[in-house]
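Participant: Provided herewith is a single structure, encoded as structure tokens, for subsequent inquiry.
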Amino acid sequence: MATSQRKILVTSALPYANGPIHLGHMLEYIQTDIWSRYQKLRGHECHYICADDAHGTPIMLKAQQLGMAPEEMIAQVNKEHQQDFADFNIAFDNYHSTHSEENRVLASDIYLKLRANGYIKSKSISQLFDPEKSMFLPDRFVKGTCPKCKSPDQYGDNCDACGATYSPTELINPKSAVSGATPVMKDTEHFFFDLPAFEDMLKEWTRSGALQTEMANKLDEWFEQGLQQWDITRDAPYFGFEIPDAPGKYFYVWLDAPIGYMGSFKNLCDKRPELSFDEFWAKDSKAEVYHFIGKDIVYFHSLFWPAMLHGSGYRQPNSVYAHGYVTVNGAKMSKSKGTFIKARTYLDHLDPEYLRYYYAAKLSSRIDDLDLNLEDFAQRVNSDLVGKLVNLASRTAGFITKRFDGKLAKIADTTLTDAFLAKQEQIAEFYETREYGKAMREIMALADIANGFVADAAPWQLVKQDDQQEAAHQVCSNALNLFRILVTYLKPVLPRLALDVEAFFQQTLTWDSLGQDMAGHEIAPFKAMMQRVELDKVNAMVADSKENLQATSEPEAPKGPLASDPISDTINYEDFAKIDLRIARIVKAEHVAEADKLLKLQLDIGGETRQVFAGIKSAYSPEDLEGKLTVMVANLAPRKMRFGMSEGMVLAAGPGGSDLWILEPHEGAQPGMRVK
């Protein structure tokens with residue numbers, strides 16, 4: 001048991017109840033599940049809560065298309081979601097729905113408290129109305145050109161291209177996404193949440209350590225733009241909760257969706273009387289609350305949600321952790337290429353433990369996107385899990401069973417065991433801080449050591465010699481004990497494998513038993529625990545995910561960066577070959593006091609340090625850059641500037657200002673390597 005037991009409530013974002021779970025979704029649930037399982041492994045009281053996000057016009061219209069009542073459709077989707085999660089070994093303590101009595105009561109309670117405290121404003125607004133369907137158009141059912149960056153085909157609440165938020169009436173050339181008709185303006189009374197009233201509180205909270213630095217920096221941009229009152233109303237027809245004292249008016253889905261965390265926990269408390277709802281959600285709560293989310297919903301979880309909680313007398317979350325998107329083979333998930341892979345399609349072909357490990361091996365505490373490279377996926381799983389981890393037991397367990405009555409020897413030389421146990425606090429810290437990739441690398445480095453030990457000792461040779469039986473017993477027992485420690489470290493990531501290993505050792509793997517003396521312990525006969533990833537199964541999964549898209553008669557007009565910034569004139573290879581691109585590590589980054597756009601970087605290029613001034617100040621804080629790998633032009637003539645000598649150039653992509661991203665090589669690249 002942990003020396004000081006924590007009380008923790010952890011959530012993943014609620015999946016929308018109008019479609020299946022895909023591998024992009026699964027990143028978040030795997031990330032959260034690993035963290036929750038780790039906390040439980042350490043002996044903490046941890047409750048992992050989730051629910052389906054089951055309200056809104058999209059669900060109402062989808063149900064109409066299917067000829068079903070919305071309640072019937074969301075119940076069916078909820079069942080499918082829960083089955084997918086269960087088969088991926090996602091261990092929710094409770095999975096509910098926002099379309100529940102608990103959520104209705106809590107949403108009304110929070111709204112009425114906000115209204116009583118003066119944070120709800122009422123005013124008449126002009127809203128877009130579909131004249132063909134005779135309905136007001138919610139923001140996600142209007143499309144047009146973004147009023148900020150002018151990107152086309154954007155929804156009516158926020159722009160996917162630049163991240164700006166706005167009202168549907170601000171769109172340029174709006175169209176109804178329901179009928180395609182041009183909307184007309186019509187007056188209606190709406191209720192607004194007074195978000196600007198919480199600006200000081202939010203500025204303090206967002207810089208309190210509750211958010212990742214990247215998130216806090218992004219929120220600063222929104223503070224600079226000025227917070228706006230938030231429309232929490234939708235007009236009938238709408239599938240959701242009716243607002244108290246306002247017939248025909250409904251809560252916008254983003255009001256009751258995060259309250260769904262509370263609703264699901266209340267549902268769990270009703271099932272388990274020993275749990276106290278107020279112990280976790282009251283304003284003076286000493287329990288911990290953590291939300292894991294995707295970077296696309298930062299605005300709602302980091303501004304609206306804590307403000308709503310504060311204004312209605314509830315506690316705020318300790319932290320909100322955001323992650324990036326999933327790409328497949330270096331590109332956005334694609335139905336035509338078969339890389340838009342549903343969770344169920346994956347499960348039809350491959351072991352969920354494979355994906356859990358691969359995602360863990362690539363996850364960090366940052367908000368970087370994660371690429372699921374299917375070839376690398378197969379190679380890494382086969383190398384790490386089959387070739388290193390399970391192989392350690394398969395090479396030694398048989399000797400224990402056949403020659404030593406299935407019992408482990410008392411290990412005379414504990415040098416390796418001590419070295420493995422010495423890593424537990426470092427691995428624990430990596431799990432706690434969501435640096436799963438670092439934890440996996442640490443664990444696999446230990447697996448390499450263990451396999452090297454077995455290879456050098458060669459127990460298959462020792463057992464053939466009468467005078468080396470005790471040595472063989474020692475080697476195999478030592479190897480299996482190291483295997484037990486490794487699988488205990490990996491238990492949050494590979495829960496099914498951990499169960500198999502527990503059956504093999506005939507004991508539960510716990511963090512507190514890592515250093516247990518296994519002398520005389522009897523093991524069960526070894527059974528195969530994990531199969532290699534076969535590429536034909538990966539290819540079959542991709543084939544099953546493909547959708548044939550009808551070819552268009554005319555080529556699509558260019559979109560995105562190429563439309564405004566076309567490719568330059570062709571150059572000869574000789575011209576390109578003159579440019580010497582090198583991997584560089586940013587050793588130090590600091591502000592340049594006299595410059596609005598520049599940061600001063602000290603770059604290690606493998607045996608040499610360069611000073612470079614880079615115009616990326618609007619996009620990065622110095623602390624975000626230190627330790628990163630990037631790419632620099634190493635043979636650019638030094639340039640004397642007012643602030644000092646610039647000895648090269650770092651490469652970045654984007655239109656400029658805050659929309660710049662430095663190039664970051666994949667892991668394995670080292671300072672000084674040439675980029676070819």
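Count begins at 1; order follows the chain as displayed.
Cβ atoms here come from the backbone N, Cα and C positions, even for glycine.
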Participant: Identify the motif ''KMSKS' region' range according to Swiss-Prot, selecting from 282-286, 332-336, 432-436.
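Facilitator: When 282-286, 332-336, 432-436 are checked in Swiss-Prot, motif ''KMSKS' region' belongs to 332-336.
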Participant: Quick one: sort out which of 15-25, 81-91, 367-377, 587-597 is the motif ''HIGH' region' according to Swiss-Prot.
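Facilitator: Swiss-Prot lists motif ''HIGH' region' for residues 15-25.
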Participant: Within 8 Å of the Cβ centre of Cys146, Cys149, Cys159, Cys162, which other residues of the chain have their Cβ, at the recorded Zn(2+) site?
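Facilitator: Surrounding the site, in chain order, are Pro147, Lys148, Lys150, Ser151, Gln154, Asp160, Ala161, Gly163, Ala164.
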Participant: For the binding-site residues Cys146, Cys149, Cys159, Cys162, which Cβ has the most other Cβ atoms within 10 Å, all shown protein chains included?
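Facilitator: The most densely surrounded of these binding-site residues is Cys146.
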Participant: Do any residues of this chain, six or more beyond the ends of the motif ''HIGH' region' (15-25), have a C-beta under 8 angstroms from a C-beta of it, and if so which?
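Facilitator: Non-local partners: 50, 52-54, 56, 58-59, 62, 73-74, 77-78, 80-81, 84-85, 97, 325-326, 328, 333, 340-344, 346, 355, 372.
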Participant: Would you mind splitting the domain 'tRNA-binding' (575-676) into helix, strand and coil residue counts from DSSP?
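Facilitator: So the domain 'tRNA-binding' (575-676) is made up of 7 helix, 48 strand, 47 coil.
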Participant: For the motif ''KMSKS' region' (332-336), what is the mean per-residue pLDDT, to the nearest integer?
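Facilitator: A mean pLDDT of 89 is what the predicted model shows over the motif ''KMSKS' region' (332-336).
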Participant: Could you put numbers on the helix, strand and coil content of the motif ''HIGH' region' (15-25), residue by residue per DSSP?
Facilitator: 3 helix, 2 strand, 6 coil
